[in-house]
């Protein structure tokens, strides 16, 4: 796509040059290239000899350039004075001259009274003026302004023209605008850009002469006129004259440029008709005007497009319908008697035979049959819940699917991390089987034994058998226990008391530092005697075997890093996923999309249900993906059907509770950037910290904390659900002595507590969502409990006497009294919109000053009255215009009417309902 194509343009110093063109023509792209924001694909631009493609030259260009971008780029919490001080320092103004330059600029842009107000409290027009001030501060050599007066009131716009004209000398001022009168008056030269190409360039006079459609001759007609005769009169003198339009008692013709020499005779003929009292043409006066720059612009744009395109046809249809609608609305306010009175003031065309009755709006064709219903055809809009639901759901899906980066961080990356956690869980598993330990002479490697034969028994065969059974050494001692303390370490000592078949009496002393020494020694003695009794034959003798089998584990298993990692990563997915959608809701409120949908009739339920469905679908997809991964890694603790059933039920009820919780928390934020940086931290902190406490503390303390967190903290639940479901499998044999888990094994106290917790969270957070949504749209808590039809004013809606001005105009007082009467006495057909004594006051928090520590906060705060006791009524079919300078309160009024903001006092009714209390 080519934004600009082969532009060649010379801009002169000391001139104001306007770049004109339709939206998307390439004006902003051109400015971005000149300021270095975008590199040109081909070609270059030289500014005072510096090349925009050279980085060193671009630094010099930026030092002499001031830019006002198309959209305001301001710091919300800085005042206009602080903005200008900052940019003055950036532009290199000497510190001693910054304050005087800031004061001068504030005076030039007419923001002296708002110099210390935060930028977020400025109106749209005031922000635009501040952006212009940032561009011109420091007297830059080059001033580039992209639609500088968009949204600025007419007075301020003309004031800015004077400022720019005073600064033009010795500078290059380049601007774009969609106001043709602004370009005509302010700019010395105009360049028209269309689809990336320069169509023409020159002064206003040059463009009008070259591309203008001619001069406009406007005739003011009397009550009775002959249009065809007037048409013949004009064309007699100027043959190429064309009829432009007929509106009311005005008839307009277009006279070509090349017929200027014939204008004198035409004007003389018209003046004769005016002065001739017997004239039947019905001309009362006339006037001539030159082509406007707007007509030149439209003429150039029309030359770019085919004449008979569907788009042009549709535009003509829309224009015709708009005219018909305006005529239709005019007819509604005209009585039958007035139609009869106006019938005598019609213009008759004797040749065409048509009568156009401007007052009555009755058109009679050549067949004389009346055509009624000049207005647009009736279009009925019937709300269709299914259609609305489908459209909104499609919007949610398209926004998600077209944001690949968000989809990656929301689905793919968490699944990858959870897969890694499950891998660790599969490789680091606590052994569940124990192997018996054979107790013999080889258990400890060597088996030295001390012996004492105090009775002189024949133990030769016995000693020989001991050697055969693995006793490494037999050491004699005197039989005293104290003697063993001074000999080298032995496993045991044997005192032979009586050794003669069939009776054998031996005393065994064992070393308890070797845990299994006693059973090993006894087994060796028994085998030695057994072999002796059997006659010492190896063929008929089978030794006695002793093994140690450990008892079942009755304490909780040691910390398993793999299991903990799997729980942590999987729990984090379900904790953070609702947060991403909560950020989307903050974005909707920031760009006013939610309020726009609400004003267009979208209900509270429909708005949130579509969000919940999309999020639930993503959670279901993640759950299925996790089950597949767990099956691949053979995670038995989570893939058995009782575990999956328990996990599925708990997560099913967790989804709505987590979504409601995240949505409620999102109302804390008004900026998407803040929500993106803080909400994930909140979810992580309030989920991970309780989980770590519960898992590491153990015992009754852990259970008590588990109950508290399950009932109060939805972010803890996904970690707890996965952890305790896994724990049932780990504790199967130690606690339950089971070999196969059933669903009843999962009905532990911890899991029951979590099930109760998710069920408790749903109604609590749903009610809180209703509360915060109503409060955010300017309603009251009682609006949830009573019908929105109850429109009796409350004490808070009572008007303070100080709100009402003392010197109000009589018409204003009459409108106020009219609204008051309509509010008190309901009529059959009330106005569509009624505003009664509306008052809006903003409290400005003063910046903290350490020198005024003793001052109270209330004393430091100041208030700004945006709307002061406004009363008005708008009837059906009426187009109501709200005019005023920048900062007058127009936008604030519209925000309150659409329930985007809450009023400080007064009330607004639309369609019989209070907008502040309307429950959607």
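Residue 1 is the first one shown; counting continues down the chain.
Note: Cβ is positioned from N, Cα and C throughout, glycine not excepted.
Whatever TrEMBL says is automated annotation, not expert-curated.
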From 645-669, 720-744, 795-819, the residue range that TrEMBL assigns the feature transmembrane segment: 645-669
Stated TrEMBL location of transmembrane segment, expressed as one of 371-388, 389-406, 407-424: 407-424
Transmembrane segment range according to TrEMBL, out of 531-552, 751-772, 773-794, 839-860: 751-772
Feature transmembrane segment in TrEMBL, mapped to one of the ranges 500-521, 566-587, 874-895: 566-587
Residues of the parent chain within Cβ reach of the transmembrane segment (645-669), under 8 Å, 6 or more residues beyond its termini: 574-575, 578-579, 581-583, 585-586, 608, 611-612, 615-616, 619, 623, 638, 675, 678-679, 682-683, 714-715, 717-718, 721-722, 725, 743, 746, 751, 754-755, 758-759, 761-762, 765-766, 768-769, 772-773, 776
Overall pLDDT for the domain 'ABC transporter' (1-220), taken as the rounded mean: 88
